[in-house]
């Protein structure tokens, strides 16, 4: 059997000469050694516990108990060996050391004092080992998770690369020789060179802008060749193919799974030379053009025909000059499926100006639609006494699309509402309109407050609005100082300003002022409006059924929408002879995960609005400035490099694509400030980046207001 043995080595005993028994009388040391029990034997004699002599018959039993160290035995189910070193304080006194070897199994018994020391050390070591193993196991699991994510990303990238290669090979296999198949290319077949498209020797961008590439082709300035326009393969078209830009596809077709979509097109004067109408007119329809392969909308006979149930938001950016004695009115109209008269969704009045300068107009509206509903754009004259000169009514042809549409499925739970401002029979300085509801798709979620001065919300979400108000003003102060329109958000009883826009004033004239923006709202919030006029300016506000004093609003649940607001940056603004300079902003709204201004560390800091999730975006820009330009152009561009990190110079072979543009003419005579607004909707994906540029033609930009009247808001809705 395995036992516990204790050997005592004495300096007086060497080798095997030590006797096992001693015949002489035991000394005090020998007695102490014999009386030593358990782990106490390790101690020098002076430190050992003294035992009292036993007298009487109970000594035997008492001795037996004492031999066990006054403790009951314990059973140890393991094997251990422990070597105890000498205590440094006392080991040199006697020169002796003790080696204790423990050999244990279930049948062995050891004193509990010794076993407890061993068991505690074993349990502590085991706990440390288990804890270390658990930590390593957690690290391995985390590494495995990261590896799985990286593998998934790599697989997706490989799929994209393979898909691009497949399309490239298909294009190479299907490449046609346009130089042989199409007659009169490049004016001379000897100058035509077959490429993936075709190339004309000596061709310039001016030739390309004149349509030299022909129908179905566009001029790629980076490759210096004509290439076939993208067909979008059944996807809706965000921007049609032009002489110098390819078709921009907007994503998957509208269907049961699509929550939001966008569409883009153009509006022009049909049947006129260019964009000029030389005769007097009571009303003229603008011809809408555009392509859509998704079945969302289609352009037919100059109208926009809806193909899907849902809610639509439309924005039209128009640059117009006219010679009418009074104002002209830009109208957005919807006709029902049954061919009934329909109703005007929105109307903006464009005042008469001396010198026939170009004026920028932005008209917006919202409606609940179904298949067969028709949208139309009209220009109406207040009188038949328009200037019948060769100039007449003229529209400027900008780059990008002038008309954009934002469609929302009913599956989003979105709500559309329109309200008309009540007619004001007297003059005002500060005017807070009172509304009455004209239409709403859900009066519980969005409605008017009890006094009609605000719009209340019952649930959290994101709203986009436009308020357009027609007015007539008298007084030179109206022209000098102009008007301001403000929107307020009341949250928990506290008012805060949301947005502010500026409009140059008129003297004995009719005009319109409008404000659009997007913001987050919570249950119980209300939104109100105010128009501020100069003290020495008499203003009268009008309202009728043509949409000239209307509030249009759409609300989207917070789970699938977000908004961003930004103000013009205090530094880095373009000034002087400005030619296509970018505008810089800083964010004023809380950060959201779906989009944001490009952060620090980049060359184009606070220039790009970068989107991080796919969806549909709707932007509204207002700019207040002082200039002497013949033309002021504000352009919204989409970056071609997907990561939006061009660093101030576009990636090689990639140029930004214009999404929309607004053009204004000279500043009104006598006015201190001028303004220009731009609104547009478009499809975005993860990595899409857009930015704004300012261009001054023949003149200077002297100042851009960064305090009030300038800013941008963005609405994002999941696709």
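Numbering starts at 1 and runs along the chain as displayed.
Glycine too: its Cβ is placed from the backbone N, Cα and C atoms.
As annotated in TrEMBL, coiled coil covers the listed stretch 126-182 rather than the other ranges in 126-182, 183-239, 240-296.
Listed ranges 613-639, 640-666; the one TrEMBL annotates as region 'Disordered' is 640-666. Each residue in the repeat 'TNFR-Cys' (212-249) gets a DSSP state, and the totals come to 3 helix, 13 strand, 22 coil. Mean pLDDT across the domain 'TNFR-Cys' (212-249) comes to 79 in this model.
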